[in-house]
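Peer 1: Pulled these from Swiss-Prot:
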type	residues	note
ACT_SITE	Lys7	active site
ACT_SITE	Asp132	active site
BINDING	Pro90, Met91, Gly92, Gly93, Gly94, Leu95, Gly96, Gly97, Gly98, Ser99, Ser100	ATP binding site
Amino acid sequence: MWPAPAKLNLFLHVIGRRADGYHLLQTVFRFIDRADTLRFEPRSDGEIVLATPIPGVPTDSDLTVRAARLLQQASACRQGATIHLDKQLPMGGGLGGGSSDAATVLLALNHLWQTGLTRPQLEKLGLTLGADVPVFVHGHNTFAEGIGEAFTDIELPPQSYLVLHPAIHVPTAAIFGAPELKRDTPPIRHGEWQPGQGHNDLEAVACAKFPAVAEYLNWLKQHAPQAMMTGSGACVFAGFASRREAEAILAQCPADMNAWIADGLGEHPLAKIS
């Protein structure tokens with residue numbers, strides 16, 4: 001089994017916009033121990049088969065299939081694979097699940113097919129699939145800039161996170177495309193950032209467009225003022241120095257709130273695979 005861990009954005013600032021429409025960001029990616037898992041069966045016919053398709057997602061559009069085919073093309077590999085995906089991370093939750101799945105496909109099949117691509121080469125491939133994919137391939141908690149492709153490793157203290165997931169899908173494009181999105185937060189230098197500093201510029205737009213996000217975030221902030229949204233939503237979270245603190249807040253969650261605790265990781269579980 002090959003893990004594809006979730007990420008949290010410990011802050012997310014939009015500091016500008018390029019002429020081509022891409023937004024310039026600053027953020028810290030933190031891997032957590034909540035994950036999808038993948039399993040691969042080698043095939044000699046060169047076919048890429050997704051044994052566990054996601055309802056509503058055409059197979060050819062699925063990031064796992066696209067990642068596998070991209071690796072085949074880049075490496076001239078004639079082998080194939082049947083992909084089994086155990087999907088635990090919500091789609092449209094801001095946890096990077098699809099990007100993480102794609103990164104794990106690149107890392108796993110590069111290893112299993114023995115294609116010999118380096119991690120920087122896999123990061124370049126990943127960027128063509130999505131802006132977050134290279135960070136998952138890279139394998140370390142990072143301070144990321146640009147459109148997410150420029151990053152610096154960062155050491156983070158151990159923390160436990162209480163994550164609340166409103167049962168909705170927040171489309172990233174709807175948040176970044178909103179005219180009211182704040183796009184001029186002053187940039188900070190990565191060496192000056194400290195845990196707990198910063199905010200998520202996408203939060204106000206997501207809360208206005210999706211009342212469930214606002215409801216969950218407001219509830220969590222009443223119990224943990226440091227709470228914020230991750231990515232473009234829908235999940236919100238709060239970090240704690242100990243798991244016991246997170247469990248105390250979890251115990252107060254209304255029964256109809258989807259909530260869980262995850263621990264921060266020092267690095268991606270596949271950080272040392274080659």
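Glycine is treated like the rest: Cβ placed from N, Cα and C.
Note that the structure is predicted; figures quoted are calculated from it, not measured.
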Peer 1: Taking the Cβ of Ser100 (ATP binding site) as reference, which residues of that chain separated by at least 6 in sequence fall under 8 Å from it?
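Peer 2: Non-local contacts for Ser100 (ATP binding site): Ala4, Pro5, Ala6, Lys7, Ala35, Asp36, Leu89, Phe136.
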Peer 1: Fewest other Cβ atoms within 10 Å: which of the binding-site residues Gly92, Gly94, Gly96 wins that one? Let me know.
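Peer 2: Selected from the binding-site residues Gly92, Gly94, Gly96 on minimum Cβ neighbours within 10 Å: Gly92.
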Peer 1: Would you list, in sequence order, the residues of this chain other than Pro90, Met91, Gly92, Gly93, Gly94, Leu95, Gly96, Gly97, Gly98, Ser99, Ser100 that have their CB within 8 A of the centroid of the site's CB atoms, where the site is the one recorded for ATP?
Peer 2: Ala6, Leu89, Gly231
Peer 1: Write down the Cα-Cα distance for Asp132 (active site) and Gly92 (ATP binding site), rounded and given in Å.
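Peer 2: About 14 Å separate the Cα atoms of these two residues.
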Peer 1: Which of these binding-site residues is closest to Asp132 (active site) if you go by CA atoms: Pro90, Gly94, Gly96, Gly98?
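Peer 2: When the Cα distances are compared, Gly96 comes out closest.
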Peer 1: So for Gly98 (ATP binding site), how many other CB atoms are inside 10 Å of its CB?
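Peer 2: If we count other Cβ atoms within 10 Å of Gly98 (ATP binding site), we arrive at 24.
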Peer 1: Which of the listed recorded positions (Lys7, Pro90, Asp132) has the least company, meaning the fewest other Cβ atoms within 10 Å of its Cβ?
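Peer 2: Lowest Cβ count within 10 Å among the recorded positions (Lys7, Pro90, Asp132) is Pro90.
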Peer 1: Could you say whether, by DSSP, Gly96 (ATP binding site) belongs to a helix, a strand or a coil region?
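Peer 2: Once the DSSP labels are grouped into three classes, Gly96 (ATP binding site) ends up as coil.
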Peer 1: Which of the three DSSP-derived classes (helix, strand, coil) applies to Asp132 (active site)?
Peer 2: coil
